[in-house]
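As written in TrEMBL, here are the features:
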- Glu101: active site, nucleophile (ACT_SITE)
- Glu105: active site, proton donor (ACT_SITE)
- 21-215: domain 'GH16' (DOMAIN)
- Asn109: N-linked glycosylation site (CARBOHYD)
- 1-24: signal peptide (SIGNAL)
Amino acid sequence: MASPQSSTAACFFLALCLASIALAGNFYQDVDITWGDGRAKILDDGQLLTLSLDKYSGSGFQSRNQYLYGKFDMHIKLVPGDSAGTVATFYLSSQGNTHDEIDLEFLGNLSGDPYVVHTNLYTQGKGDREQQFYLWFDPTMDFHTYSVLWNPRHVVFYVDGTPIREFRNGEFAGVPYPKSQAMRAYASLWDADDWATRGGQVKTDWSKAPFTASYRNYTADGCVWNNSGAASCAMGSHSWMWQELDPNAMDRLKWVQKNYMIYNYCTDVRRFPQGLPRECNAS
């Protein structure tokens, strides 16, 4: 680890200093179960965490560390069978009325109908940036990797290494970007049958409870926020810091958006009669 003097000298404009990054790997060490009254369980010597939902409560956990930028991965196996009305999540968020947030939410459905991946991004407390996707596989049969890349240039959402959405830093066009508020990683399983499945038309069937989603292999390769109000990164290890999508990744992103996107706020002119949000026209 670098000395205090060398760390100070090496700090750059993002206040990212030389220290150790956080590479997680054990739920006992890396997260705190924050709600659910026993419905969240850490198993397999810390390698697996299950969240359960019944008619009385859901459950959730949060990372112990806060981060300013990073690459975050989670392997998730979603609720099988009739999961209508349920929402499983993996997201990043700061706190307060002007919080930043980067959302991956998985909206359950009737047996045989596809899950919906619901993405959103809040900056300074304002969201309304939803994009939704179907998946090209059954996410209840096995674990799949869901990831968020958050760096000064863009936020990218991935499924099994394939980018499905990119939100670029549009500050040049007056679009706020999450860059100064440290965020924790969160996951939860909860009931949202007032909106989650077909706009709330399909309700949760509590005879199928408890519903269970499984999480493993949580990895946070990020800049850890410390008590002095700065974030720390290891020298030479932050390759994601300026990572862009290469041509192959851009092709895969376009493929997903052409074939699997089912909602895009940037094309919903009826929702925004005064004009689409500014970032929708930013280039």
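The backbone N, Cα and C atoms fix where each Cβ goes, glycine too.
In TrEMBL, annotation is done automatically, which means it is predicted and not curated.
Feature annotations (TrEMBL) mapped to structure.
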residue : record                      : Cβ within 10 Å
Glu101  : active site, nucleophile    : 18
Glu105  : active site, proton donor   : 20
Asn109  : N-linked glycosylation site : 20
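Taken together, the residues in the domain 'GH16' (21-215) have a mean pLDDT of 94 on the 0 to 100 scale.
A straight line from the CA of the residue listed as 'N-linked glycosylation site' to the CA of Glu101 (active site, nucleophile) spans 25 Å.
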